[in-house]
Amino acid sequence: MIQVLLVTICLAALPYQGSSIMLESGKVNDYEVVYPQRLAPLPEGAVQQKYEDTMQYEFKVNGETIVLHLEKNKGLFSKDYSETHYSPDGRKITTYPSVEDHCYYHGRIENYEDSTASISACNGLKGHFKIQGETYFIESLKLSDSEAHAVLKYENVGKEDETHQICGVTLNWKSYDPIKRPSRLNLTPKQQTWPQTSVNLQLIVDHSMYAKYNSNSEKITKTVQERVNIMKEIFKPLNFDITLSGIEMWDKKDLITVKTAATDTLKLFAKWRQTDLLKRIDNDNAQLQTAVDFDGETVGLAFKSTMCDKRYSAGIIQDHSAIPLLMAVTIAHELGHNLGMDHDDTSKCNCNVCIMAPRLNTNPSKTFSDCSNNDYQKFLTDKKPKCIHKKSLKTDTVSTSVSGNEPLDDNVDGFHA
């Protein structure tokens, strides 16, 4: 029987509130310091996992006590999850780490129907939760008092240290090859019954991003996993699941030329995926993450309507923010293009700042518009992508078997940023 832990987070004294501090997510202001304390230990004789399957946390937000319910995201990793790096002489070194007792959770706030949460419990609590339309961050302060955490509104995360005009300036996904939007679909009730689909996602970290994080492989791995944990929450309303098939780090050197011209880099990366990656790692889609500053305001680029394609099921992402939520939305945007989604037209869609907005808002939404829903349904109907309709092979255990990829076709609609 799964044991539930009840933890209370008590507010610290007032002197700890209101000052500025630098966290992993950036400089923050107007935060509250809280202290997680376990109230209900496991019964005598019970075996405690390092990270329980379900947990509850109680704490105060703006003076109101709330209860955060968390459930371990057991579908986060594929059965063949792998991590790859390179030796000094260029040899691939691939390991298959145990991921059974991982530390990533989704959740909700008790008594708030529309609340959501994505939390990492790897080293204290880190993540975000949404309640009554407000997004809050929680993160360990990593002070001498190891139990201290900061709770703050998303808007209080300073953007002054973010590059590429992320502070006060929205970023856009530049469209290199504009594609005419397909006609809006009038979905019947039957069409609105979304099929369960899933994708095995492979993430590649290039050498510039590896250097940006001070060659700290463990930190990079946790950072990437946090982003995918959030992405799984984003895609849930589409009945679309994401499993992480693996992370590869180009820790010694890049295996392609990562150019500032995003179009060139995307083409090179897609070709590398086809000729190298697919021969050794089973994946339906791959996304390159890089610290290279793409030309203009572009922070991502992907092929449209190419999910499952052996050559073009790919995208590239600029590591433009230290905020996990903002990066998860960026990757979700490019993955949306792979799934047939076009940019939202604010005059026709029901959302001004949804996932597929042409410009990335620094206070991002985690919602897909009705236009994106229709585009995705049309993609499923027209393209019939086989790889995402297969039974999801999710697990949290070690496995060393790797099989080939199942391509769909070579028809490509074009680039989309």
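The backbone N, Cα and C atoms fix where each Cβ goes, glycine too.
Here Swiss-Prot flags Glu334 as active site, drawing on sequence analysis. If you look up Swiss-Prot, you'll see His333, His337, His343 marked as Zn(2+) binding site, on the strength of similarity to another entry. Annotated compositional bias 'Acidic residues' per Swiss-Prot: 407-417, in sequence order. For Cys308-Cys387, Cys349-Cys371, Cys351-Cys354, the entry in Swiss-Prot reads disulfide bond. Among the features that Swiss-Prot reports, domain 'Peptidase M12B' is placed at 197-392. Swiss-Prot lists 398-417 with the feature region 'Disordered'. Under the heading signal peptide, Swiss-Prot lists 1-20.
Features as recorded by Swiss-Prot, highlighted on the structure.
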residue	record	CB count, 10 Å
Cys308	disulfide bond	23
His333	Zn(2+) binding site	28
Glu334	active site	25
His337	Zn(2+) binding site	29
His343	Zn(2+) binding site	24
Cys349	disulfide bond	20
Cys351	disulfide bond	17
Cys354	disulfide bond	23
Cys371	disulfide bond	24
Cys387	disulfide bond	22
Cα-Cα, Cys349 (disulfide bond) versus His333 (Zn(2+) binding site), nearest Å, comes out at 16
Cα within 10 Å of His343 (Zn(2+) binding site) - qualifying disulfide-bonded residues among Cys308, Cys351, Cys371, Cys387 = Cys371
How would DSSP class Cys351 (disulfide bond) in three states?
-> coil
Distance [Cα-Cα, Å, rounded] between Cys308 (disulfide bond) and Glu334 (active site) = 14
If one measures from the C-alpha of Cys351 (disulfide bond) to the C-alpha of His337 (Zn(2+) binding site), what distance in angstrom results, rounded to a whole number?
-> 17
Candidates Cys354, Cys371, Cys387 (disulfide-bonded residues); nearest Cα to His333 (Zn(2+) binding site) turns out to be Cys354
